[in-house]
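Taken from TrEMBL, the feature domain 'Aminopeptidase N-like N-terminal' covers 22-206. For 285-435, the entry in TrEMBL reads domain 'Peptidase M1 membrane alanine aminopeptidase'. The Zn(2+) binding site annotation in TrEMBL covers His291, His295, Glu314. Residues or ranges marked as active site, proton acceptor in TrEMBL: Glu292. The annotation site 'Transition state stabilizer' is assigned in TrEMBL to Tyr376. The domain 'ERAP1-like C-terminal' feature in TrEMBL is assigned to 512-829.
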Amino acid sequence: MAAEQSAEHFRGQARLPGFAAPRRYDLRLTPDLAACTFAGSVSVSVDVAAPTRFLVVNAADLDVSPGDVHFAPKGSGQVLLPVEVTSALEDEILIIRFNEVLPLGEGTLVIAFQGTLNDKMKGFYRSVYELNGEKKNMAVTQFEPADARRCFPCWDEPSFKAVFKITLEVPCETVALSNMPVVEEKVNGPTKTVYFQESPIMSTYLVAVIVGMFDYVEAFTADGTSVRVYTQVGKSAQGKFALEVAVKTLILFKEYFAVPYPLPKMDMIAIPDFASGAMENYGLVAVVVAHELAHQWFGNLVTMEWWTHLWLNEGFATWVSYLAADRFFPEWNVWIQFLEESTTGFRLDALAGSHPIEVDVNHVDEIDEIFDAISYRKGAAVIRMLQSYLGAEIFQKSLAAYIKRFAYSNAKTEDLWAALEEGSGEPVKTLMHSWTKQQGYPVVSVKLKDGKLELEQTQFLSSGSEGVGQWVVPITLCCCSYSVQQKFLFRGKQDDFNLSGLVECQKKDDFWIKLNVDQTGFYRVSYDEELASRLRHAVETNILSAADRYGVLDDTYALCMAGKQKLVTLLHLIAAYKNETEYTVLAHAINTSLSIYEMMAVAAPEELVNMKKFLIDFLEPFAQRVGWDAKSGEGHLNALLRGTLLSALAELGHQSTIDEAVRRFNVFLEDRETPLLPPDVRKAAYVALMQTVNKSNKSGYESLLKIYRETDLSQEKVRVLGSLASSPDPDVVREALNFLLSSEVRNQDCIFVLRGVTAAAHEVAWTWLKENWDYIAETFTGHLLTYFITVTVSPLATDEKGDEAEEFFKSRTKASIARTVKQSIERVRIKAKWVMSTKGEADLGNVLKELAHKH
């Protein structure tokens, strides 16, 4: 029993001991915005369930002295003082030892503490904003997954749900926000004490506190819930769109989950501002708002029992956010944009160093690394696969039953499968275990023989290796038309299927067959040569749906990179998209083309002239059609397409695009309001401008820095940052990379500069990363640090560079980056293999010549 243990026993454990649990927190915080510190005290009603002389809570980066801690058993009239308070730094726990065994039942643990408002964007941190030209600090919390412990001592695990009563002592002129509405404010000279209503029962990672200067816009739902969007002072108009989406979303989700929104108010806050001038933000805002609001039910009301089930929280919220955006803005075709999300998951999950959706988290340190494209993207994609296989109505009803059953408590992944199995009669648990418990996904190979469909599944790996996984695959297929769809579960390694109507359909001249209709399944399909050429024809004649046109291209690209199909097959397929009308599909064709171009710079530099000609000839007609200037009444996607196309042409060195960009940019430099360079094409113009910059002529680079320093819109800053490293001159790229480490660039914005490095400079960026590693590893944490590695190492394309990276990280890897390092080096090896297989394609030169001149 815990009464006999020593403090040592609690070190190195994955989870807190279960002998005591919190029921209610009374938390008081006093942030000092000028000194960037805070003081606080917490009084926790604790249920002691087993005899113990210890209480163990999470705490990190907080100062607690033994005299600041006491425990009062309920109704005893006594106050117990600890004999020892030990802070175990690496475990982020506070071990409180008492002389006597604590009485069972309720008691109150009181702890006073001090902390720093850090600049690490986690815990209770500071964010800088400008008010009337003066820099000010705001205090903000970000606790997910496990950083509430950096703000106050607590049981910082999702299953320890409790109620929270929060009180803040803040400067009079500031706005103080928390999860619940304000009950009372008392002014006391220059400060005020703000008392908030007690919260419903919830996990610590959901506690939120914000103190700063804000304006807001407000609306109400029909049942009286107040919805506010807080913005920087003077910019409340920018919150209007988010407000509109939030109100609609709360109404939709109340109906979808069949449970009302569980709180009396909903506040959202944009910490950096976004520029409402750029259309591209609207789609993003709608999806982000819906994602976060979905968590109010799926995550906050029903919470995962432990971080192993994190994927369900995130995957589900990602999927349902698209459901909402599609309901409100059907003209945006968001499900096709969802495919871009799935593609990120596909890419990561085709690595040997991937992980199952459901990962056993043994230590809180590992959580950061599983908040990745697998938990979000693949998680969302397999939920979509299940929903489209079971049918929308059955799925929604079963989901509502699950939420009712687990409201205000915790659930495991299996609990959701049980509810869906009950509602549908399908073997959901068996089906989904094959997708969540093992990593990777299958490629289904299809042959047509004697009117029978021959299917075979193998695990798909980008390296071209054979994997051992096997799945229960929900197959959907169409033949010659979308009017009849067939569905079945493919469980074996290989199987033949006799499908009704197949023989009839096969007799038609324009016969085609497409598996994984509308790409709702998380698997790839490889067709035999005959079926593939018929699909290519269906792409060219625009018979396939946009999602299927996207899928055919994405699968072929992936199979080509894995050495399972020839590059010339992929190039012929890209040429078939010359009449493409859908933004997401064309953008994918552009990105695929640029990635082939990048690979060929290493594999076959002598073919680049023809490759460039083929790509420019392919893109130019589209660019002429959309032009530089918006047309009246054009859709939001056309605006996105314009930027993507012009950026690609600029990167390929297309002279007339570069000249026009520079002309417009020069006007913009003199007059920021000019209609010649609206936000949609600004990034493309900046990239084009950077093509003219080299170390002896840096005026374009200097002009962009001037814009960066003069604007107060974070969206504009991000556009500039994303262009700075796109010069073909390595010296300029190095200067841009050094700039990102300066105090002028906020930590979370550094990734935009790294992302902008183009093919010519990957090795420069890698050298730079090695030289600056010690500083970077010390300054950046969590996602930001892993991002530096992914973006800099992954694009390298020779085994020699892979060896270099292995050698470099051998002595520099710690747990939080180990998986990222491994995956990034694997990507280098895959690219190196692709380079080798491309070198072996004897007919590549002739095919490129033919394509370059045919267009």
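For all residues, glycine too, the Cβ spot is worked out from N, Cα and C.
Sequence features, as recorded in TrEMBL, placed on the structure.
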residue	record	contacts (Cβ under 8 Å, 6+ apart)
His291	Zn(2+) binding site	Ala317, Thr318, Val320, Ser321
Glu292	active site, proton acceptor	Met268, Ala317
His295	Zn(2+) binding site	Asn313, Ala317
Tyr376	site 'Transition state stabilizer'	Glu314, Gly315, Thr318, Glu341, Gly345
Within 8 Å of the Cβ centroid of His291, His295, Glu314, the other same-chain residues by Cβ around the recorded Zn(2+) site are Glu292, Ala294, Phe298, Gly299, Asn313, Phe316, Ala317, Thr318, Ser321
For Glu314 (Zn(2+) binding site), just count the other CB atoms lying within 10 A of its CB, please. 24
Arithmetic mean of per-residue pLDDT over the domain 'Aminopeptidase N-like N-terminal' (22-206): 92
